[in-house]
Amino acid sequence: MKIAILSRDGTLYSCKRLREAAIQRGHLVEILDPLSCYMNINPAASSIYYKGRKLPHFDAVIPRIGTAITFYGTAALRQFEMLGSYPLNESVAIARARDKLRSMQLLARQGIDLPVTGIAHSPDDTSDLIDMVGGAPLVVKLVEGTQGIGVVLAETRQAAESVIDAFRGLNAHILVQEYIKEAQGCDIRCLVVGDEVVAAIERRAKEGYFRSNLHRGGAASVASITLQEREIAIKAARTMALDVAGVDILRANRGPLVMEVNASPGLEGIEKTTGIDIAGKMIRWIERHATTEYCLKTGG
């Protein structure tokens, strides 16, 4: 099988592991920078080019598309989809997951419990917005943020108003969310592949911080999750139509709450913490689904 990995940096842990796992299972792998792909969009003979050459058909494509290049990255992935390549996460699902507001609306519509969340455009609504989520302390998030960047804990109402006004001054879209104090700076990252949680870790914020992201200095340990948490993680990934997802869960007094669904979860922290070959599980999922029948069905 020929597999393309779409990534700006093939030296990153996740890309290297996916390449290694695919090669170990006998596949040919090429890592492509999506920003160096260019496309001929033609009803008679669509094609995709890379650094001066027309690319051959790939049986499958693994998108490792960063938030900053979501627009062009998903456009390149769509072109591969048009040509019959099986995507490990479809372009439309990635774009959907990158929109935090839309994601939360979809999850809420499916009855998945979330932290109480509000959004407003007008500065006149700031006070009501704070009251809507239960007052301070609360969390203010940039809709476009990632890896814990653009996330602020406002411990007082005055601080909340100041942060919201500052973000609005940057013409940024923001979410205001209740602070789950009982989570104590911890969350659970569930790695979902297909209809299975293949690994789970607890991420704990470093002392003096509340964000548990490993990129922000958090620590990780193996997590034992409940059946309810497992079912919620799978349902959240399915709601977003993602074959592979990192589902972040907060343990609140009222039950598990989904905080975020990540369409391109990093493998380093969770593989090194659990010792589980997640990259191999992702490749095996591709083997089961990137079939000749799929290629013919999609016109490749």
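Note: Cβ is positioned from N, Cα and C throughout, glycine not excepted.
Feature annotations, courtesy of Swiss-Prot:
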BINDING   K141, E178, Y179, D187, R211, S212, N213  ATP binding site
BINDING   D248, E260  Mg(2+) 1 binding site
BINDING   D248, E260  Mn(2+) 1 binding site
BINDING   E260, N262  Mn(2+) 2 binding site
BINDING   E260, N262  Mg(2+) 2 binding site
DOMAIN    104-287  domain 'ATP-grasp'
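Known features from Swiss-Prot, placed on the structure.
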{"residue": "K141", "record": "ATP binding site", "Cβ within 10 Å": "23"}
{"residue": "E178", "record": "ATP binding site", "Cβ within 10 Å": "19"}
{"residue": "Y179", "record": "ATP binding site", "Cβ within 10 Å": "18"}
{"residue": "D187", "record": "ATP binding site", "Cβ within 10 Å": "24"}
{"residue": "D248", "record": "Mg(2+) 1 binding site", "Cβ within 10 Å": "21"}
{"residue": "E260", "record": "Mg(2+) 1 binding site", "Cβ within 10 Å": "21"}
{"residue": "N262", "record": "Mn(2+) 2 binding site", "Cβ within 10 Å": "22"}
| field | Between N262 (Mn(2+) 2 binding site) and D187 (ATP binding site): CA-CA distance (Å) | value | 14
| remark: In the domain 'ATP-grasp' (104-287), averaged pLDDT is 89
| field | Inter-residue C-alpha distance, N262 (Mn(2+) 2 binding site) and E178 (ATP binding site) (nearest angstrom) | value | 20
| Coarse DSSP state, helix versus strand versus coil, of Y179 (ATP binding site) | coil
| message | What whole-number Å value do you get for the CA-CA distance of Y179 (ATP binding site) and D248 (Mg(2+) 1 binding site)? | response | 15
| About how far apart, in whole Å, are the alpha carbons (Cα) of K141 (ATP binding site) and E260 (Mg(2+) 1 binding site)? | 12
| remark: One should report the C-alpha separation between E178 (ATP binding site) and D248 (Mg(2+) 1 binding site), rounded to whole angstrom, as 16
